[in-house]
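Undergrad: Before I ask anything, let me first share the structure, which is written out below as structure tokens.
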Amino acid sequence: MTNIRKTHPLMKIINDAFIDLPTPSNISSWWNFGSLLGLCLIMQILTGLFLAMHYTPDTTTAFSSITHICRDVNYGWIIRYLHANGASMFFICLYAHMGRGLYYGSYAFQETWNIGVILLFTVMATAFVGYVLPWGQMSFWGATVITNLLSAIPYIGNTLVEWIWGGFSVDKATLTRFFAFHFILPFIILALAIVHLLFLHETGSNNPTGIPSNMDKIPFHPYYTIKDILGALLLILTLLMLTLFAPDLLGDPDNYTPANPLSTPAHIKPEWYFLFAYAILRSIPNKLGGVLALLLSILILAFIPMLHTSKQRSMMFRPFSQFLFWVLVADLLTLTWIGGQPVEHPYVIVGQFASILYFLLILVLMPTASLIENKLMKW
């Protein structure tokens, strides 16, 4: 008799995706991040659900409701900090997952890659609206500054901003709709993640060499389920260490002050995972130019498959491209650091150089290095 997991309509889907899935035998730990992202998403949805049971999306009570969660709700403090630091872990996994895709040429699976770019935008939107909910100083001013960027759009800008605000400033209507967005978006992310997997399973996974591995596949279970469990344990350990020993390490102290429209914080800055984009935005002295650069800094990922000029898929055997890839990583870390610094002399010019280098690397230097490597292969 055939096993039920291979015949039952629902079990068959799970079986084909997580049990009998043919997987390359040589994929490294860099391929763990996909499952870790799934784990992060589930944890965020669950902790978020329990937080939503006690949170009130109203300007007068939002801040107090967070205090109430931390002080009066059973284990409310740990749920709140797991959710806040879970977002940081989510972005760490997300950036590692994208870095892996860039390094090993996974973007050659265009449908999977494009859904991934849409997923990135959706996760960033979710994190942004979520940061507004505690209604602290940085929540309020972050929302004001970022939504105000839309006013740079010619002709419709101001109308658009007021439409998003639901009034003439960030207020009660804004908070209520941001809570609604923050609740619905994770489920949209979940649906997109399933589509992402669907497209991936059409082609099968890439591997470190970038060479087709159809002649050397192994079942996902038990080999990669065990490997993924190890990654999951490390992720949970890191998250618990962060949550229990340094819950506010990645947060902003300004957000412990209730929102006050009459007092602007000295340095308005987003959470650490947006600082690189914020630095690119600030490096251009023109409002519209800055907004376009900000948008392009993420949207450029969609053009990566078109910028691939190498005859090899992976960077595994391409030393020049490898060097430029790590320069790009260093550049992004520099931008992240600059984004958290005040707008004054040494930081401004360093941020401008780093921003130029970011676009130069992706649009010019890396495609050129690939062409040089193609020539060297003929020697």
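Cβ atoms here come from the backbone N, Cα and C positions, even for glycine.
Below are the features listed in Swiss-Prot for this protein:
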type     : residues      : note
BINDING  : His83, His182 : heme b b562 binding site
BINDING  : His97, His196 : heme b b566 binding site
BINDING  : His201        : ubiquinone binding site
TRANSMEM : 33-53         : transmembrane segment
TRANSMEM : 77-98         : transmembrane segment
TRANSMEM : 113-133       : transmembrane segment
TRANSMEM : 178-198       : transmembrane segment
TRANSMEM : 226-246       : transmembrane segment
TRANSMEM : 288-308       : transmembrane segment
TRANSMEM : 320-340       : transmembrane segment
TRANSMEM : 347-367       : transmembrane segment
Undergrad: Are there at least 3 C-beta pairs under 8 angstroms linking the transmembrane segment (77-98) and the transmembrane segment (226-246), leaving out pairs fewer than 6 apart in sequence?
TA: yes
Undergrad: Tell me the Cα distance separating His83 (heme b b562 binding site) from His97 (heme b b566 binding site), rounded to the nearest angstrom.
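TA: His83 (heme b b562 binding site) has its Cα 21 Å from the Cα of His97 (heme b b566 binding site).
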Undergrad: Pop the Cα-Cα gap between His182 (heme b b562 binding site) and His196 (heme b b566 binding site) into the table, whole Å please.
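TA: About 21 Å separates the two Cα atoms.
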Undergrad: Between the stretches 33-53, 113-133, 178-198, which one has more Cβ pairs under 8 Å with the transmembrane segment (288-308) than any other?
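TA: The stretch I would name here is 113-133.
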Undergrad: Count, for each of the binding-site residues His83, His201, the other C-beta atoms lying within 10 angstroms of its own C-beta, and report the residue with the smallest count.
TA: His201
Undergrad: Please report, as numbers and ranges, the same-chain residues at least 6 past the borders of the transmembrane segment (113-133) whose CB is under 8 Å from any CB of it.
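TA: 55, 57, 62, 87, 90-91, 94, 98, 101, 106-107, 139-140, 142-143, 146, 174-175, 178-179, 181-182, 185-186, 188-189, 192-193, 195-196, 199, 270-271, 273-274, 298-299, 301-302, 304-305.
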Undergrad: Checking distant contacts: for the transmembrane segment (33-53), what same-chain residues at least six beyond its ends satisfy Cβ-Cβ under 8 A?
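TA: Distant Cβ neighbours of the transmembrane segment (33-53) are 69, 79-80, 82-83, 86-87, 89-90, 93-94, 96-97, 100, 182-183, 186-187, 189-190, 193, 228, 231-232, 235, 239.
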Undergrad: Under 8 Å between C-beta atoms and at least six apart in sequence, can you list the same-chain neighbours of His182 (heme b b562 binding site), or say none if there are none?
TA: Gly48, Thr126, Val129, Gly130, Leu133
Undergrad: Whole-number Å only: compute the distance from the Cα of His83 (heme b b562 binding site) to the Cα of His201 (ubiquinone binding site).
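TA: So the alpha carbons of His83 (heme b b562 binding site) and His201 (ubiquinone binding site) sit roughly 30 Å from each other.
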